[in-house]
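K.L.:
Just passing along the structure, written as structure tokens.
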Amino acid sequence: MADTDLFMECEEEELEPWQKISDVIEDSVVEDYNSVDKTTSVSVSQQPVSAPVPIAAHASVAGHLSTSTTVSNSGAQNSDSTKKTLVTLIANNNAGNTLVQQGGQPLILTQNPAPGLGTMVTQPVLRPVQVMQNANHVTSSPVASQPIFITTQGFPVRNVRPVQNAMNQVGIVLNVQQGQTVRPITLVPAPGTQFVKPTVGVPQVFSQMTPVRPGSTMPVRPTTNTFTTVIPATLTIRSTVPQSQSQQTKSTPSTSTTPTATQPTSLGQLAGQPPGQSNQTSNPKLAPSFPSPPAVSIASFVTVKRPGVTGENSNEVAKLVNTLNTVPSLGQSPGPVVVSNNSSAQRTSGPESSVKVTSSIPVFDLQDGGRKICPRCNAQFRVTEALRGHMCYCCPEMVEYQKKGKSLDAEPSVPSAAKPSSPEKTAPVTSTPSSTPIPALSPPTKVPEPNENAGDAVQTKLIMLVDDFYYGRDGGKAAQLTSFPKVATSFRCPHCTKRLKNNIRFMNHMKHHVELDQQNGEVDGHTICQHCYRQFSTPFQLQCHLENVHSPYESTTKCKICEWAFESEPLFLQHMKDTHKPGEMPYVCQVCQYRSSLYSEVDVHFRMIHEDTRHLLCPYCLKVFKNGNAFQQHYMRHQKRNVYHCNKCRLQFLFAKDKIEHKLQHHKTFRKPKQLEGLKPGTKVTIRASRGQPRTVPVSSNDAPSGTLQEAAALTSTDPLPVFLYPPVQRNIQKRAVRKMSVMGRQTCLECSFEIPDFPNHFPTYVHCSLCRYSTCCSRAYANHMINNHVPRKSPKYLALFKNSVSGIKLACTSCTFATSVGDAMAKHLVFNPSHRSSNILPRGLSWMSHLRPGQASERVFDWSMKNTYLPPPLVPNKAATVKPVGVTPAEPQELAGPVLQALPSPASTATPPATPTHPQPSALPPSATEGTECLNVSEQEEGSPVTQDPEPASGGGGGSGVGKKEQLSVKKLRVVLFALCCNTEQAAEHFRNPQRRIRRWLRRFQASQGENLEGKYLSFEAEEKLAEWVLIQREQQLPVNEETLFQKATKIGRSLEGGFKISYEWAVRFMLRHHLTPHARRAVAHTLPKHVAENAGLFIEFVQRQIHNQDLPLSMIVAIDEISLFLDTEVLSSDDRKENALQTVGTGEPWCDVVLAILADGTVLPTLVFFRGQANRFANVPDSILLEAKDSGYSDDEIMELWSTRVWKKHTACQHSKSMLVMDCHRTHLSEEVLALLSASSTLPAVVPAGCSSKIQPLDVCIKRTVKNFLHKKWKEQAREMADAACDSDVLLQLVLVWLGEVLGVIGDSPELVQRSFLVASVLPGPDGNVNSPTRNADMQEELIASLEEQLKLNGEQSEEHSASAPRPRSSPEETVEPESLHQLFEGESETESFYGFEEADLDLMEI
């Protein structure tokens, strides 16, 4: 037994109510969970020992007789009937076998050392026993068995020597210590197998057998240490019947699938009878007759309970032992007889016989006729809910079929009598009122092959890790909250009066104040853990805690619930057993009831799901507030010393009642682990802290003979049996099917990419990873999965066992356009998209693929017969690598370009792939992160070469050698294209020093290759929509969307929704194009928004148009307002170069100035308000259409809205005596109480545009706002070139900006029709016919408006290039289509070697990049 194992047992009391097989649960059976704290597991093997024991001569009982005798203990009685000593023995026999065979197996039970038991007593009398016998003719049998001795106090067995018959040996001598409760034991030996069946009751404790004489040994394995981490106890008995006898029958009687604990108890009836009372029935007609199966050696099934008396009943114990030696019913019987404290007589026969039991005690079936069975694995369930939950995991496709028309209740149950394969194998069954047919445990549709079911009698075992058993998470109502639009609420800090834009920033700001106090010395923070907020006595203890608990490396001795580390795994397991419950989730989000066993998951959940809401989360006790002042006061009170820490988790509370309520409500099992759902009671569950094999406890030669050592080793080696999803019969069928596949020739495994020389060895069985949802039949793929994903080490030690990928093979999903060459990537895609049924195998890189019609390639399956005649060359090594789990993403382009270009060779130097594929080191990422291709690793991978080059046919000649290289862009080019999509083509050209036409050409090439090369939808559809919504919201707030921020957000969403995914530039470019996220799209109103964003937009349009109609609002009272923030980099402005980059419209800090634009639905442009951070005394030339406000400290969002309402809006509404409507976004502080009060005072109805919808339904975003920003950019760049060497400060720049704003506002003000049509395009106003225009019509209008305004502002030349970049042209100019490879061939082919040597590699690199 390993010190790192924790044995659990799936018992009836621990199951959910719908999982219980029996509908009636007696109160006396229910146990306290804490009653398993002091138990141990003992594994015992019957071995020959050098001590003889005389075996009593058994009397023969002949004739047809059925007897039932009940004798209860006549000693001192205890009020608790469950503590009385009661032994129930039931034996049934048939006409062909004896009730007692020669050399039977007696069971000797003692409680105190009787005086007469110095040597084995042969003829005592049994008092507390009930015997049910059904004997027929007595015949002799050569089968011998072993006696079993169970004692409670030092039972002295002397002169224990083998008898003359070598087959009759001592079986077991167990010693139960005084004062300990005894768990009922069920012993079921079967030929050549092991059987373990503890029943429901109190735990059992066995101690080491104390020898009477020095040197004598007992076959009981001693405990090697005093620390035990195993519960509850199990007892394993092995039979010593020769294999020649056990093989006489093909099917071994077994009751492993029928739990004894679920049978109705009859113990109360037996124990309640007066002492000595007997009930005899001698009607020979009730004796059934059974066929004669071959004789097997079995042991009687005995339930022993601890009596309430000790020394004075030693005579009774002696009588008990003597009677056990004389009662004939203790001999052999043709089938195992089960007797326990809560079950009646049961008899199980093999599939080839039918059984009838006659008894005066009620007899129950092993399973009733109402059971439901799984149609795939034949697992049996009593209630439909349990079967449905099992089928959702076992056979989900059948569940879908059931939902379409067939009910689960119509599932056929197990037949009571299976159809026989031959008439000789089934005996006639006489139906009587007292007989109950016992159906076969599995339908005997096919006789199993020899030795295939050798291990079927082994009891069900399940091996689980601590993470699976104790930890879990529950989604709560988080999914329901995602449909509601998020509205950011600003909070003002009471310490520094700073206003934070949303709740998460306010929470971080409060933590920052505490850190400042600690740095200033106001609060002692040298002994406070900044992760779990615990107080330590010394800094050294804090340092040890940080290294052991909060390090990034996984540890098998760290409790993730309470975040404590332990010295060893046994101590850790003991802590888990004593402190925590299975499925305990004490950390709860009070907003949506999301809960988890890990604090970090709840914290990440709140920051992601409840961002931009009014909720504030206390990091100390997870209490949620809606008021900023209350949150601040509560937060600061946690900094005091008098807080109440929970000793079962990391939370701390301000009041004792909160702590008590927390412990009562949350420190209990919230939901049982999914692996335990549907398990039968009695299943042995082994809990392990680590993933390694359990260590074998050595047994010295002085404690046990050599035979015992071998048996103990055999038992230990069979302990960690894997969990199979199919029953043994079905596994054997699968193995036979795999063996038949070997005749198909040599094949290649799609999972590990290796050839399959031997199918049975390569696909040994279907295994399921206990740590995740990974399942496979490939042994190499399973080993690689465990090495890469579940081996806790600080640095990668082993390379992956995968090859690069199968050459020429590609997998295409039959339900969508997803295609990949990595089998695991396709498996993950199918898992995350359950509606996608299957995938097809396609050849990749073949010349005829480009001539197939759309959809034709997905229907054609690759023929492996082509392998001998057509072999594609090996592929380029994978560009595999991904983001680190801590959130490290590729750096900014300017930081990466230098070292990457220096470290990477040129494209021409990597035209020939290496002969041996390189294997990338596995990173500490989720499984999907290390799979696939085309991901950037700037430290190892080649960025200049194409990511994947499609292989060309070997016989294709050299004419088309350059075609495949043009299919996909290199990583360098993809980075440039991604930059252009995040910003614009002009900025990308300036940043990477590439012509804009070349960037647009790369973009067109990438768009053209999308139809044939859809290699990477790495995120699910739901995750991509969430990421697209984030991009739209970032753009609305003028926050940066670049390579770094995009990859960081994608990683965060991928980890939270899917457990991780891989990142590549190709995926990023496709994502931006797939969701139309280019910043300067001219038909944005026709693009599809994410699902719930589009729903919010529809609700907004419906609300606005209904209010306009109901309130009869005039067009002059419908206003749209939006802000434009300008960011100034003063350092760049004062420098001599790059001055054009000083003024930006995207940034994260405080804006240099804010421009508030406002337009009316009748085409009027209201005065524009400009807020400048600084002094504006010298500015006298301010245009009439602009109002300037200046202050050194700047203006807050509330102040901006207040000044705009006072200086602009109230002046406009003063002469209008009508209600009005204000269209604005939900960002900044537009929804604060102050702003809403201002609007209410002016009778203005706020129409708030939902987050992410501004590009489609905000009138200013449709045309005007983007044009104003482009015009300012153009003017400043022209001015920066003119004053490159001249000095320029912010005051001069402000004067220029005011002039440019006046110019652009004048143009807009002269085009009232353009302004009015902006409201129509945004669907704020209905169309001329009263209905909303179609998206296509609105897109045409938007494109026309943008073109008209740009033409007036002379922006059409530059923006036409932008437009050409977003839409591919049908035919490009010859200058743009010329490639460096073609020029290289041209000059080298037509020039003399002496006169021209071709281009240098560096020149080619510059031409391409």
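From the backbone N, Cα and C atoms, a Cβ is placed for every residue, glycine too.
Swiss-Prot lists these features:
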REGION    238-293  region 'Disordered'
COMPBIAS  275-284  compositional bias 'Polar residues'
REGION    331-356  region 'Disordered'
MOD_RES   SER333  phosphoserine
COMPBIAS  345-356  compositional bias 'Polar residues'
MOD_RES   SER360  phosphoserine
REGION    406-455  region 'Disordered'
MOD_RES   SER422  phosphoserine
MOD_RES   SER442  phosphoserine
REGION    806-846  region 'Required for interaction with CBX5'
REGION    904-966  region 'Disordered'
DOMAIN    1011-1081  domain 'HTH CENPB-type'
MOD_RES   SER1334  phosphoserine
COILED    1336-1364  coiled coil
REGION    1356-1399  region 'Disordered'
MOD_RES   SER1360  phosphoserine
MOD_RES   SER1366  phosphoserine
MOD_RES   SER1372  phosphoserine
MOD_RES   SER1373  phosphoserine
MOD_RES   SER1391  phosphoserine
MOD_RES   SER1395  phosphoserine
K.L.:
According to DSSP, does SER1334 (phosphoserine) sit in a helix, a strand, or coil?
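P.N.:
Going by the DSSP assignment, SER1334 (phosphoserine) belongs to neither helix nor strand, so it counts as coil.
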K.L.:
If you skip the near sequence neighbours and keep only those at least six away, which residues in the chain come within under 8 angstroms of SER1334 (phosphoserine), Cβ to Cβ?
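P.N.:
Residues satisfying the criterion: none.
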K.L.:
Counting each residue once, how many in the region 'Required for interaction with CBX5' (806-846) are helix, strand and coil under DSSP?
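P.N.:
Tallied per class, the region 'Required for interaction with CBX5' (806-846) gives 10 helix, 12 strand, 19 coil.
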K.L.:
Between 0 and 100, where does the mean pLDDT of the domain 'HTH CENPB-type' (1011-1081) sit?
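P.N.:
Mean pLDDT, the domain 'HTH CENPB-type' (1011-1081): 81.
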K.L.:
Can you count helix, strand and coil residues in the domain 'HTH CENPB-type' (1011-1081) using DSSP?
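P.N.:
Residue counts in helix, strand and coil order: 42 helix, 0 strand, 29 coil.
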